[in-house]
Amino acid sequence: MTNVYRDMQNVIVKVGSLIKSPHSLLINCHFDTVMNSPGASDDGAGCAVMMEILRVIAKSEKILRHNIIFLFNGGEENFMPASHGFITQHKWAKEIRAFINLEACGAGGREILFQAGPSHPWIMETYSEEVPYPFASTLAQEIFQSGVIPGDTDFRIFRDFGNLSGLDFAWSSNGYVYHSEYDSLEQIPLGSLQRTGDNILALAIGMTQGHQLSNVEQYKSGNLVFFDFLGAFVVRWSMGAADLINILSVIFSVYSLYTNAKRAEVSDYLSKKTYCRKVLGCVGCVVSSWISALLGCLAIAFFLNGFGVTMSWYANPVWIFFLYVIPTYIASILTIYLHASYFNKDLILSPWTLFQLYFDAYQLLWTICLALGVIARIRSSFIALIWVIAATVENLVKSYIYGKWRDSKWLLLHIGVMGLPFVQGFYLTISALYLFIPLTGRAGAGSYAEFLIAIMTSLQFCMLLCFAVPVILLVQKVKKVFSLLMGIFLVSIAVLLLTPLGFPYSGNPNSPAPQRFMIIHSERIYHDAQGRMNNRTYGYWIVDMDINSPHSVDNYVPEMKNAIAIDQDCHDYLYCGLPYLVPVLNMLRKTHWIAAPSPPKTMPLNMTLKNRENIPHGERLYIEIEGANHIGVMMSPVFGVTLKQWSLESKQPLAGPIWNGRNTYFIYYTYGLNPVPFNFYIDFEVPSNHSGPLMDFAVTTHHLFGKNKKSEPLEKIVQQFPSWTTVTAWTAIYKSWLI
């Protein structure tokens, strides 16, 4: 979308260096919050930390080498106009050389460093040297920047519009309260505030006392691979060093596999060629075990969806272990066991050598992944690296020190060495799940949360349990193991279906996990090509925030039984003929509608086509829009007509989702307390033989606060919702024209 704003407010404090340095470090938080939320964690806590850092530094006798600018920005939740206004217009912006951004997508826990750079590896080096309690990973950065997590921060604004490098921190625990009425002071552990304060204070002093801010261009080149090991310390190296380490690890890994082939020739009279052929067959088996585990978990998710028992793990993540981790392990060991029984029965091998074949297959797969990571320049390849190093060390120690593969000493070696990457991998997996699980409650009904968690869990634990799966070949009573695991799984399914223990949500004030609802009391008005109103409807637009919405509350809110899915409107009208606040049509495409009385008379929404004039090869339209201080403008040129440019600062229009084969464009306009009409012009390239309208055009206005936010009927409906829900509601208008 294109974001247009005016009258944003910031509070800015500068602690100057006594040596009058022309260079500054920026520390940023935002003091605004979303409607319906106290905003204690997002981002009141970040601002509180900054206030305390400001107090400590201002009273310190230590002389700063460089300045620190504290930006308390007032518009992050409005799609970051306040930070944009500061970094593009304020006189102090030109002296900033690096920045620290404080954010939250949860309340408490450890602040994770989830974005760093771009380039400037010295910033990450300072972090790893100065911060007492590190928590950082390039994996988190690559996941966030991939777009998988729906969100954005001021980091992007400083990076893209200020050409700055910096660090982005966020609390990620207890994401259930994020952007909800539960985001209060009571949800924030004091230990999290203390830890974050200690870390950011140490980092800020380290960066401002260093010499790099004086000439950041000198230290610009290069990227770092970084990750913390169990929160104890940060491992970091440059991309060049990472390439060298990764390539050497691949070479040593291949060498250790070759050593195993030679040893099998001596101990089991198995030729190197046969051993290698069998290892490759085992690689195919391992991949098949992953596929079977994934398909099994998807089948379970399909079964749960069919019975309407979804998201049981939302408030109680332990359900993931019973529903998906155990089946993943069952499918993996069953595939390995059957393959060993039928495809390797031609070999007269001890169970230990048979185990080694499959263990080498896993090592070869990790080695291939590491090699591909080097080629693709994937910084999170360190995950594969840890497994490759551990497996290589185990094989070399076993071959050159123990001298044989089959005794209790080897088993202790296996558990000790492979336990290290398992613990680190489990640490990352649990962190990822506790981040993603709350996200499924606000990712929209179209996200198919049950399938998402099934896929995510299956893939993660297929890799995580790779060292434990081949151990089944050393077990004598295999059937008992299968029976025990299957029994646990089947009992779990029975408990889930027959008891209320699988209820997804919680209204416990001490540990809330509410279901989210978004309800907009809407007026929709449609005009034809002559400007005449040809349709007008009133109702409650129910934006489905998760897969169980909206009928999970039918017994509490009778009106929900009348909710009808919106399908045809999305074909007939631009943006479904609905007052989307922002262009999240792809994410929140499954919504419902309930007919209702008209909303209260609010600040009117007016669109005036002030003038039309011919330009070379087309036409220019002058438009004025008046409404409340959150306005959306949507347009879609008809076939043959092209939107070339407009009078907004971003001259090149940004196209959004395709609608009926046509481009769409979305402008978000917001202002402060004083109403200011939105005036702009649009240039269209029009074929000489064109006749009729140039575009579908729609505008929305949203009353997100004040006396017009909720109508009386809407308030009555909201009050009926049970305690295990949280409802965000407001009033909006949608109007469309053919122009």
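From the backbone N, Cα and C atoms, a Cβ is placed for every residue, glycine too.
Noted in TrEMBL for the protein shown:
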DOMAIN    10-203  domain 'Peptidase M28'
DOMAIN    275-493  domain 'Endoplasmic reticulum metallopeptidase 1/1-A TM'
DOMAIN    512-737  domain 'Endoplasmic reticulum metallopeptidase 1-like C-terminal'
TRANSMEM  237-258  transmembrane segment
TRANSMEM  279-307  transmembrane segment
TRANSMEM  319-340  transmembrane segment
TRANSMEM  352-376  transmembrane segment
TRANSMEM  382-403  transmembrane segment
TRANSMEM  410-437  transmembrane segment
TRANSMEM  449-475  transmembrane segment
TRANSMEM  482-503  transmembrane segment
Recorded stretch that, among 237-258, 352-376, 449-475, 482-503, has the most CB pairs under 8 Å to the transmembrane segment (279-307): 449-475
Chain residues in Cβ proximity to the transmembrane segment (410-437) (below 8 Å; excluding those fewer than six residues from its ends, i.e. six or more beyond): 105-106, 112, 137, 139, 143, 149, 172-173, 175, 229-231, 313-314, 317, 320, 352, 383, 386-387, 389-391, 393-394, 397-398, 402, 404, 452-453, 456-457, 460-461, 463-464, 467-468
In contact by Cβ distance (the transmembrane segment (237-258), the transmembrane segment (382-403); 3 or more pairs under 8 Å): yes
Intrachain residues whose Cβ lies under 8 Å of the transmembrane segment (352-376), provided they are six or more past its termini: 243, 246-247, 249-250, 253-254, 256-257, 260, 264, 267-268, 270, 275, 278-280, 282-283, 285-287, 336, 340, 344, 384-385, 387-388, 391-392, 395, 405-406, 410, 466-467, 469-471, 473-474
Intrachain residues whose Cβ lies under 8 Å of the transmembrane segment (449-475), provided they are six or more past its termini: 286, 289-290, 293-294, 296-298, 300-302, 304-305, 310-311, 313, 320, 323-325, 328-329, 332-333, 336-337, 340, 351-352, 354-355, 358-359, 362, 366, 387, 414, 418-419, 421-422, 425-426, 429, 432-433, 436-437, 440-441, 443, 481, 546-547
